[in-house]
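Taken from TrEMBL as is:
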type	residues	note
ACT_SITE	H208	active site, proton acceptor
DOMAIN	14-95	domain 'O-methyltransferase dimerisation'
DOMAIN	187-280	domain 'O-methyltransferase C-terminal'
Amino acid sequence: MTSPEEQAYHLLTEYSNGFMVSQVLFAACELGVFDLLAEAPEPLGAAAVAARLGTSSCGTELLLDTCVSLKLLQVQTRRGKALYQNTELSSTYLVRASLKCQANMLRYLARTTYLCWGHVAQAVRDGKNQYQEAFGVPSDELFTAIYRSEGERLQVMRGLQDVWSISGRHVLAAFDLSPFPLICDIGGDFFKDPLPEADLYILARVLHDWTDARCSHLLARIHRACKPGGGILVIESLLDADGRGPLTTQLYSLNMLVQTEGRERTPAQYLALLAPAGFQDFQCRRTGGIYDAILARR
């Protein structure tokens, strides 16, 4: 039986090793482990996986066994030989042929977000994102920094599509949207371009990118464009009222510091942005997932 001191140390070790866990996941996706096993007619041994991926036998075996411990793979032994195959988790979310595959977002996290997080302490010191430190790219124009190339832009778009393939229906089902026949999904260069008239404007993971001042400016523009009786649907990962949870949303908020100009907010903080812009009848719905929904009327 472990002592409280040992339990605390084990927890600390789990936290400090978290970056290794994410890199195992990223590496297995990048190398094509899950796709290979999905396409194989039967479970494969480490040597066969290594031969088909063109990887080292020792490194492949270590990676596969670690994936087993993470419940990303399962293993069975036949005649003393370990044979690997995907679990339901990896089959659903990590195999490209799956409609729920999250590989594009994982690739973006691995190649961009992870590198920015290497400078999180500096982000806390500076209070600003870390594209200059991570990539040598000035971030005065936020999305010029985020979309550093056409390939990067497409990676972000595909990653977001992955996320919404899972989360989209939950947030869109949070409210009855039938009173809004004409819906505008806000994206692109929306601070200066004319906004089309609509009954409902959707802001999905938009406001968390920006400062309160920029959010207020955008919301005021939307209010002016919105038809009488129309509304706005804000889709974000909401913090608890005290800002100290859920942990995933807190991490997302730190990520906004590292990668954008914004932060995640509580329902009250969104109300404080929406009300001065002229919106009322504020309603907030927790979906039980990562993203929640706020509906307000003009």
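In case you wondered, yes, glycine gets a Cβ from its N, Cα and C as well.
TrEMBL annotations: computationally assigned, not manually curated.
These figures come from a predicted structure and were not determined experimentally.
Note on the domain 'O-methyltransferase dimerisation' (14-95): DSSP counts are 51 helix, 13 strand, 18 coil. Under 8 Å, Cβ to Cβ, and six or more positions away along its own chain, H208 (active site, proton acceptor) finds E236, S237, Y252, S253, M256, T260, G262, R263, E264, R265.
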